[in-house]
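Asker: Have a look at this one.
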Amino acid sequence: MTNIVLIGMTGSGKTTIGKELASRLKLSFIDMDDFIEKQVGQSIPELFEQGEAVFRSLETDACIKLADATDTVISTGGGAVLKQENQKWLKQAGVIVWIDRPVNLIVKDIETAHRPLLKNGTEALYTLFEERQPVYEALADVTVRNDQSLSETVNDVLNQLTKLDTKGDHS
């Protein structure tokens, strides 16, 4: 089985959905932010204190390393798709699934103070979504809306992947 790469906004459910997908499919699971933290021994907020560019560079390194993963569900950071180099590595890593959660639901679910790019409040989330949505849409092999239960969303992902597999549309 190829890797499954989950993209989407911070708070969209990538990690939760990814863990459940990996469990059901008997695959490994890697959260890119956790991977970066383990590689450098610092938290994401600590890395952002050194500047967003420092974090984005480490994120690119992670994309390169994770492109070689096998039989893995990879949950990316919300902004990982912004660099074209990262897009190339993520495409190479596997089939890309955009977890599309309505921003109003994300706002209800997450604590923005602990998210480096959202420390100025929820309006930043709407702005980020407007900037990133076209990139997510263009990059995704599959889009799944996450506005239902975890089980239903994971079932939708699995159904979409099955349809994609029968068409032979992915690499």
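The backbone N, Cα and C atoms fix where each Cβ goes, and this holds for glycine too.
What TrEMBL says about a protein is an automatic prediction, not a curated fact.
This is the feature table in TrEMBL:
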{"type": "BINDING", "residues": "Gly11, Ser12, Gly13, Lys14, Thr15, Thr16, Arg115", "note": "ATP binding site"}
{"type": "BINDING", "residues": "Thr15", "note": "Mg(2+) binding site"}
{"type": "BINDING", "residues": "Asp33, Arg56, Gly78, Arg132", "note": "substrate binding site"}
Asker: Specify the count of other C-beta atoms within 10 Å of the C-beta of Lys14 (ATP binding site).
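Answerer: Excluding its own Cβ, the number within 10 Å is 28.
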Asker: Between the Cα atoms of Gly11 (ATP binding site) and Gly78 (substrate binding site), find the distance and write it as a whole number of Å.
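Answerer: That separation, Cα to Cα, works out to 8 Å.
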Asker: Check the Cα distances from Lys14 (ATP binding site) to each of the binding-site residues Asp33, Arg56, Gly78, Arg132 and keep only the ones within 10 Å.
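Answerer: Of everything listed, what lies within 10 Å of Lys14 (ATP binding site) (Cα to Cα) is Gly78.
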Asker: Which residues, sitting 6 or more apart from Arg56 (substrate binding site) on the same chain, put a CB under 8 Å from its CB?
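Answerer: Arg56 (substrate binding site) has long-range Cβ partners Gly79, Leu82, Lys83.
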Asker: Which one is it: of the binding-site residues Ser12, Thr15, Thr16, which Cβ has the fewest other Cβ atoms within 10 Å in this structure?
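Answerer: Result for the binding-site residues Ser12, Thr15, Thr16: minimum number of other Cβ atoms within 10 Å at Thr16.
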Asker: May I ask which residues of the same chain, at least 6 positions away in sequence, place their Cβ under 8 angstroms from the Cβ of Arg132 (substrate binding site)?
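Answerer: When sequence neighbours closer than 6 are ignored, Arg132 (substrate binding site) has Met9, Gly78, Gly79, Val81, Leu82 within Cβ distance under 8 Å.
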Asker: Write down the Cα-Cα distance for Asp33 (substrate binding site) and Ser12 (ATP binding site), rounded and given in Å.
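Answerer: If we compare the Cα positions of Ser12 (ATP binding site) and Asp33 (substrate binding site), the gap is 14 Å.
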Asker: For Thr15 (ATP binding site) and Asp33 (substrate binding site), determine the Cα separation and express it in whole Å.
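Answerer: Asp33 (substrate binding site) has its Cα 10 Å from the Cα of Thr15 (ATP binding site).
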Asker: If you measure Asp33 (substrate binding site) to Thr16 (ATP binding site) at Cα, how many Å is it?
Answerer: 14
